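See below for the structure under consideration.
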């Protein structure tokens, strides 16, 4: 058995079951393990209750159970500057941001990694469902997690080779039920704790109310693509491309009783475009452009790639051709794609390997910009 006792791994512990089992497995494998809780947001509610305090208590309980030291580090300023400001700027621009991608890139694998190095870390580890493997040249490849339902490579697609070189994902080969079972068999304090969902800084709060605290809503007209007025929208930032609920128009405008969907936004005129039918023509596109293109290892400045891609989390892969130039790319789909959403991540795969990705700027139908921003 390999002696890992001289290898220090600093584990990002959230107070959830996944990061708890991550720390446990590394400890069992003989590593020198330290647990660190990141406080990224002041989430004290109107009753003075802070969920981060409860989560930190869970981290402390688990760390004590498995016998590792633990610390808390405050990244509220870094999170505000690098993630939350981006989140607001994207909504101001009428886009739908993906703060999880930015949080991994800027906080969990940058601010946290830097902090871990001050603790003498050889590696950091998190409870993400992804895998890393090293080839004979020492290049690290990131592979999908074995649990298809939980694979999180979509959110990790902006990680660099330097970040991946320093990262372990001990849960990558496990299915989620196995992780729960390991926690229960070890009697961990978090074994039965439910998974957190949604955006960390919103938590259980109403999204509309939350966003309205930071950005003034600007109501405007809701129109069909052919110019029919369908009433008022509450503010473009509250709607995303392909959204069905929350439009308040139902079937009262005649037609064929098909459900209504958001099919586009005109930011300059503050118009929300809606259309009937899941596969409404305005929702379908043949290609997209993306920026902030990034690969997990060094690539030429300009090249063409045939691979598969995801345009949202948990979506089946689609075959694409990618034309890369610097940090920009044009992605052409083999088949029509629905509801390509500016602001979301496009992520590239070669079978099991996550190659990298970028942020969607615009969708196209042939060479015509779709009815979006």
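Every residue, even glycine, has its Cβ placed from backbone N, Cα and C.
Here the structure is a predicted model, which means the values were calculated and not measured.
Among 38, 102, 142, the residue that Swiss-Prot places alongside 12, 13, 14, 15, 16, 17, 18, 19, 127 at the ATP binding site is 38. In the three-state DSSP scheme, residue 103 (active site, nucleophile) is classed as helix. Here the candidates are the recorded positions 14, 18, 38, 103. The one whose C-alpha lies nearest to that of residue 344 (site 'Interaction with tRNA') is 103. Across the structure, residue 14 (ATP binding site) and residue 200 (disulfide bond) are spaced 11 Å apart at their Cα atoms. Sparsest Cβ environment among the recorded positions 38, 103 (other Cβ atoms counted within 10 Å): 38. If you compare every pair of Cα atoms in 12, 13, 14, 15, 16, 17, 18, 19, 38, 127, the residues listed for ATP, the longest distance is 16 angstrom.
The separation of residue 128 (site 'Interaction with tRNA') from residue 18 (ATP binding site), Cα to Cα, is 8 Å.
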